[in-house]
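Visitor: Just lifted these from TrEMBL, have a look:
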COMPBIAS  1-10  compositional bias 'Basic and acidic residues'
REGION    1-46  region 'Disordered'
COMPBIAS  20-29  compositional bias 'Pro residues'
DOMAIN    102-509  domain 'Amino acid transporter transmembrane'
TRANSMEM  121-148  transmembrane segment
TRANSMEM  184-205  transmembrane segment
TRANSMEM  226-245  transmembrane segment
TRANSMEM  251-272  transmembrane segment
TRANSMEM  341-362  transmembrane segment
TRANSMEM  382-410  transmembrane segment
TRANSMEM  431-451  transmembrane segment
TRANSMEM  457-477  transmembrane segment
TRANSMEM  489-513  transmembrane segment
Amino acid sequence: MASPSKEKDAVFVSEVQSAPPTPRPPVSAPPSQIQSPAAGGAGGRSPLRAMASPLRAMATPLASPVRKAVASVKGALEEVGHITRLADPRDAWLPITESRSGNAYYAAFHNLSSGIGFQALVLPAAFASLGWSWAITCLTLAFAWQLYTLWLLVRLHEPVAGATRYSRYMHLATTVFGERWAKILALLPVMYLSAGICTALIIVGGGSMKILFSIACGEACLARPLTAVEWYLVFVCAAVLLSQLPNLNSIAGVSLVGATAAVAYCTMIWVVSVAKGRVPGVSYDAVKATNDVDGALQILNGLGIIAFAFRGHNVVLEIQGTMPSTLKHPSHVPMWKGVKVAYAIVALCFYPLAIGGFWAYGNQIPPNGILSALYKFHSRDVSRLVLGTTTLLVIINCLTAFQIYAMPVYDNMEAGYVHKKNRPCPWWMRSGFRAFFGAVNFLIAVALPFLSQLAGLLGGISLPVTLAYPCFMWVAIKKPRRGTATWNVNWGLGILGMSISFVLIVGNLWGLVETGLNVKFFRPADVQ
């Protein structure tokens with residue numbers, strides 16, 4: 001007859017063997033090591049079954065401590081099993097998902113650096129096109145709208161706890177729209193928001209370097225100044241050198257520097273502009289158009305400037321992909337904390353810059369924005385130190401923002417090699433990819449300097465990425481009940497976003513037909 005101790009041990013072994021299999025921990029090793037004995041246990045058996053086998057032979061009082069140890073290991077494995085898995089184990093070799101040690105601070109740094117940029121400096125020009133009341137109303141509605149769609153994307157990053165995480169915008173778009181339609185609807189806007197903004201950053205950053213040199217050298221400078229193209233090359237070399245940092249988490253410090261620079265130069269510009277007072281002959285009436293066509297184009301231009309000011313949605317999922325996530329501590333919690341902090345600071349920069357800039361310059365604001373107005377109206381009565389510091393901060397922000405917007409492109413380039421060769425991209429090839437991307441953007445900036453005239457058109461094409469697609473994605477994945485408030489709001493905002501995008505595209509094409517396109521290849525102009 002079996003002893004009570006043996007019966008208890010037999011019952012415990014039976015319970016261990018009949019327990020449901022524990023989910024496997026996230027894959028952080030190369031695929032070649034996933035099925036190794038060290039990773040999965042002998043013969044591919046689960047760790048609990050491997051531990052259960054020797055327990056059958058145990059009929060001594062030592063079984064009690066062993067049982068406690070097994071229970072502890074079981075609890076630990078269950079906790080580890082709650083960590084969400086990568087969509088593809090090879091993602092552990094790519095720049096965006098290579099490191100998952102991010103936190104709310106990193107999220108705030110990245111979102112702030114990508115959310116504030118040179119496009120904010122043009123906001124006073126939108127006020128000149130729309131007037132006080134309409135411009136403030138549109139700016140507020142656009143800010144609230146893009147903040148809501150940001151919240152949607154943060155929650156859609158991991159729609160089901162413990163399931164696959166969508167760490168790339170195109171991955172989520174492909175899941176919702178299908179591979180074919182995702183390429184048609186989302187690929188061009190997403191690539192434009194990455195590569196197009198990087199090209200614009202080269203133009204703005206290189207032009208600012210040229211201005212900084214002239215400010216530092218002074219009017220009596222004997223040194224031969226570099227041409228605009230040569231300054232573009234200097235900027236690209238600095239950006240490519242900085243881009244050798246391996247992954248998105250590794251540039252958190254760079255993003256902090258860039259975010260600080262952006263907040264500093266936005267504050268300095270509007271404070272100096274307001275302190276110097278209104279320029280002579282200032283008027284706050286919207287610029288009157290000569291005919292109805294020009295008036296419509298003027299309104300569309302103002303709306304396009306406001307829409308273009310809110311960017312960064314194409315890198316939100318990527319930023320959240322750098323964070324760890326468990327059932328107990330999902331990634332959307334620290335990510336949303338970082339987003340709230342970042343966009344509170346964005347609002348504190350945008351509103352004073354737009355309102356203060358329009359108050360100081362009115363309808364005399366140059367098309368290039370408030371920075372050009374500062375140079376135009378106050379180059380004589382503002383110290384060179386202030387002008388030089390402001391320009392230097394603009395350059396720093398352009399260099400750091402380049403890294404964030406280029407990272408999805410780097411990730412996509414390396415993914416082709418990783419998926420084909422099934423191994424990590426070597427360091428020399430990674431450096432080559434990043435140098436090649438910088439060279440292509442430099443060539444576009446030099447060869448097609450008239451791209452600024454197409455900004456409204458391209459902005460209309462990319463607008464759905466920010467204001468429309470997240471709403472459709474939420475309905476497709478979360479499947480709210482038809483007719484509910486959530487269903488109506490998301491369908492309404494999605495359709496409205498697509499309508500605004502269509503109007504902006506048609507309006508800008510109409511404007512190009514009416515006014516013509518000033519095409520000058522390989523003749524880049526200065527920022528001013």
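Including glycine, each Cβ sits where the backbone N, Cα and C put it.
Just tell me what is around each of these and how deep it sits.
Guide: Sequence-distant neighbours of the transmembrane segment (121-148) (same chain, 6+ residues past either end, Cβ-Cβ under 8 Å): 266, 269, 284-287, 298-299, 301-303, 305-310, 313, 343, 347, 350-351, 353-355, 357-358, 361-363, 365-371, 373, 466-467, 493, 497.
If one looks beyond the transmembrane segment (341-362) by at least 6 residues along the same chain, the residues whose Cβ comes under 8 Å of a Cβ in the stretch are 104, 107-109, 111-112, 115-116, 120-121, 123-124, 126-128, 132, 135-136, 139, 143, 147, 150, 259, 262-263, 266-267, 269-271, 273-274, 276-279, 282-284, 309, 369-370, 373, 377.
Long-range Cβ contacts of the transmembrane segment (382-410) within its own chain (Cβ-Cβ under 8 Å, at least 6 residues beyond either end) map to 95-96, 110, 113-114, 116-118, 168-169, 190-191, 193-195, 197-198, 201-202, 204-205, 208-209, 211-212, 215-216, 218, 235, 238-239, 242-243, 245, 248, 251, 254-255, 257-259, 261-262, 264-265, 268-269, 272, 276, 314-315, 318, 371, 374-375, 430, 433-434, 437.
Residues 145, 148-149, 152, 293, 296-297, 300-301, 303-304, 307, 453-454, 456-457, 459-461, 463-464, 466-469, 471-472, 474-475, 480 of the same chain lie 6+ residues outside the transmembrane segment (489-513) yet bring a C-beta within less than 8 angstroms of a C-beta in it.
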